[in-house]
Amino acid sequence: MTIPNTIPITPELIAGHGLKPDEYQRILDLIGREPTFTELGIFSAMWNEHCSYKSSKKWLRTLPTKGPRVIQGPGENAGVVDIDDGDCVVFKMESHNHPSYIEPYQGAATGVGGILRDVFTMGARPIAAMNALRFGEPDHPKTRHLVSGVVSGVGGYGNSFGVPTVGGEVEFDARYNGNILVNAFAAGIAKSNAIFLSEAKGVGLPVVYLGAKTGRDGVGGATMASAEFDESIEEKRPTVQVGDPFTEKCLLEACLELMQTGAVIAIQDMGAAGLTCSAVEMGAKGDLGILLELDKVPVREERMTAYEMMLSESQERMLMVLQPEKEEQAKAIFVKWGLDFAIVGKTTDDLRFRVVHQGEEVANLPIKDLGDQAPEYDRPWRESGKPAPLPANLVAAPKNYGQALLQLVGSANQSSRRWVYEQYDTLIQGNSLQLPGGDAGVVRVDGHKSKALAFSSDVTPRYVEADPFEGGKQAVAECWRNITATGAEPLAATDNLNFGNPEKPEIMGQFVQAVKGIGEACRALDFPIVSGNVSLYNETNGVAILPTPTIAGVGLLPDWSKMARIGSANDGDKVIMIGLDGSHLGQSVYLRDVLDSREGPAPEVDLFAERRNGDFVRSVIRNDQATACHDISSGGLAVALAEMAMASGKGLTIDLGECKGAPHALLFGEDQARYVLTVPADVADFVCVNAEGAGVPFRRLGTVGGDALVVDDLITLPIQQLRDTHESWFPDFMEGRGELAAE
């Protein structure tokens, strides 16, 4: 049964399309008549949060987006950053949260497919993927099913397409029970002088449809992604798209081959709102109109209506504006790769978006008002109150420090993620230098003997909830720090801002404050935001997720032979901590997982110290003086030392004698701007003298060697015991053995 194009427009139909009464009135004022059913669908798709950023645009404009290496900032399919020698890195992160909750395998798979398309649409060959995943509490009845489906979906698509997954995050919290997060990142490499944009240029040029055929999957997907969930969630399953990574691989090769011919004027992938969004964006950006003839669109289902074709989110599709004389050559390339190639319209000079189906004009709308002049809101917001200070002396010390550390490394959130990343192909393409499990993934740049890129994705949602401003700063700082810990120079970042319902002032306040914090940190660290995505309405039955502004960054290693890892220390090396003694236990995992409390403020991020300490650590690594390096984050110094010992298989003998403060704060405090370095014994004094000269605080902590982590008389844990505890939680959880392994 198809939907006829003449369907009465009722208040229920308008509300069902996610349009508020005042927005519908704006449509009437704009076009001077009642919209057709297809036009209503087009407005609904273009004016929802997912496509228009109407609640967030005002604040996103405040982010720093320029820098000496930035070739293309936000507004295109992905950001583009110069990496020298005529090369650039193209990258972006994007959410596929709502679809992944409804249909975890396909939701996650098409999230990966969509972000890869964003990268190769720009003319770049994808070289790395990451994903940041948040699930509900481990003992929630749906969590295991969702983890299994999402991880299979991410792996199934990425592995088949042929891109290595080099990093990411997996976290559990009850606040994601009804609304998981799947944030997918991809990066590719292109020539700086061969970047392809989505802005159409020239009148009367062919608009070409490329790739897979159009079906009914995903109709209304963008609208679904702009609404809160409720009990009717099962009914939304048809709005999840279905992906085919092999078609996408062919699409990648065909696009890159066609781009070499000079035929491509503009190109846009079909993502949210499919044909509607890609056509409107290409025309509106180039100040051109677009005429589409739907009878020419390749379809895989019969009797599809204009409404369905315009809003389908079938995967593996592109829209392109071509040089007319290259039409035959272009068609031959796509046919060779077994893909559809159809001229479905042309550019016009009237700034109208016109759609014709079966001889009938089913839409005729002002293209600018759909695209870059969509509604924009300045929503009311209020700052959230900050938790009271929590001095370390008010926090109980553990009865047994070794037990407390085992509990942390074997907990749901600090345990090894090996079960997850072993399902991903981390080595395909043969350029992976650092795999998941360290501070950042590192990938060699093909064709260069020494150059590599480092990638990391970070956010600490519990900090953001306690203090959105400091939490926003911390997400950026930790990403920058993880990249720095490999020896790379952080170049730029992409953001994926996941929040609840922006119509609630307290949620909008979280968003505004987090964006302000992100902006301040990016400016202080010269780490511009070049692309990104906002996902709002992440709520179920009125319960919002933890505010989760994920930051993914890229760094450049001019010489990867000097790169640092977390597990490459040698026997006899000296252990040095860079940064201040641990003192901050508010919002720490020690507080949460050992003492079962979520009190206290988030740690403050001193951006001057962050930069000074990070620049110093990078110089030590680049001077070939560091044998290993690890940043200190969740779990504090104790967890960082345990992770280094487990990664290297070598023990550590630690003496806190130089440190000032209570032992539980020194070991489990989550103060920022800190690293652990191991250096050969004969350069330890030299490194410390240089630190002093640079005004960088440091502590000599001890020596590498033996088969246990020993901290004064507080902790003595054999590495094997640490590893067994660290590695067992995830497999035990997925196989349903014991409720929580470490408890």
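Just so you know, glycine gets a Cβ as well, placed from its N, Cα and C.
Among the features that Swiss-Prot reports, active site is placed at His50, with the record citing sequence analysis. Around the Cβ of His50 (active site), 27 further Cβ atoms fall within 10 Å across all displayed protein chains. Secondary structure from DSSP puts His50 (active site) in a helix.
Per Swiss-Prot, active site, proton acceptor is recorded for His96. The DSSP secondary structure for His96 (active site, proton acceptor) is coil.
In the three-state DSSP assignment, the secondary structure recorded for Asp495 (ATP binding site) is strand. Swiss-Prot lists Tyr53, Lys92, Asp495, Gly532 with the feature ATP binding site, giving sequence analysis as the kind of evidence.
Glu94 (Mg(2+) 1 binding site) is surrounded by 24 other CB atoms, counting those within 10 A of its CB over all protein chains shown. The Mg(2+) 1 binding site annotation in Swiss-Prot covers Glu94, Asn533 and is backed by sequence analysis.
What Swiss-Prot records for Ser95, His96, Asn97, His98, Arg117, Gln241, Glu313, Ser314, Gln315, Ser535 is substrate binding site, and it gives sequence analysis as the kind of evidence. A sphere of 10 angstroms centred on the C-beta of Glu313 (substrate binding site) encloses 31 other C-beta atoms.
What Swiss-Prot records for Asp118, Asp269 is Mg(2+) 2 binding site, and it gives sequence analysis as the kind of evidence. All chains included, 28 other C-beta atoms sit within 10 angstroms of the C-beta of Asp118 (Mg(2+) 2 binding site). DSSP assigns Asp118 (Mg(2+) 2 binding site) to a helix.
Under a cutoff of 8 A between CB atoms, and with a sequence separation of 6+ in the same chain, the neighbours of Asn533 (Mg(2+) 1 binding site) are Lys92, Met93, Glu94, Ser95, Asn183, Asp495, Asn496, Leu497. For Asp269 (Mg(2+) 2 binding site), the same-chain residues 6+ apart in sequence whose C-beta sits under 8 angstroms from its C-beta are Asn77, Gly114, Arg117, Asp118, Thr121, Ser278, Arg317, Met318, Leu319. Using CA atoms as reference points, the recorded positions His50, Tyr53, Glu313, Gln315, Gly532 were checked against His96 (active site, proton acceptor), and the closest is His50. Taking only the Cα positions, the spacing between Glu313 (substrate binding site) and Gly532 (ATP binding site) is 20 angstrom. Between the alpha carbons (Cα) of Asn97 (substrate binding site) and His50 (active site) lies a span of roughly 12 Å. When the record's ATP-binding residues Tyr53, Lys92, Asp495, Gly532 are compared pairwise by CA position, the greatest distance found is 16 Å. Residues Ser95, His96, Asn97, His98, Arg117, Gln241, Glu313, Ser314, Gln315, Ser535 are the ones the record ties to substrate, and the longest Cα gap between any two of them is 21 Å. Put simply, His50 (active site) is 17 Å from Gln315 (substrate binding site) when counted between their Cα atoms.
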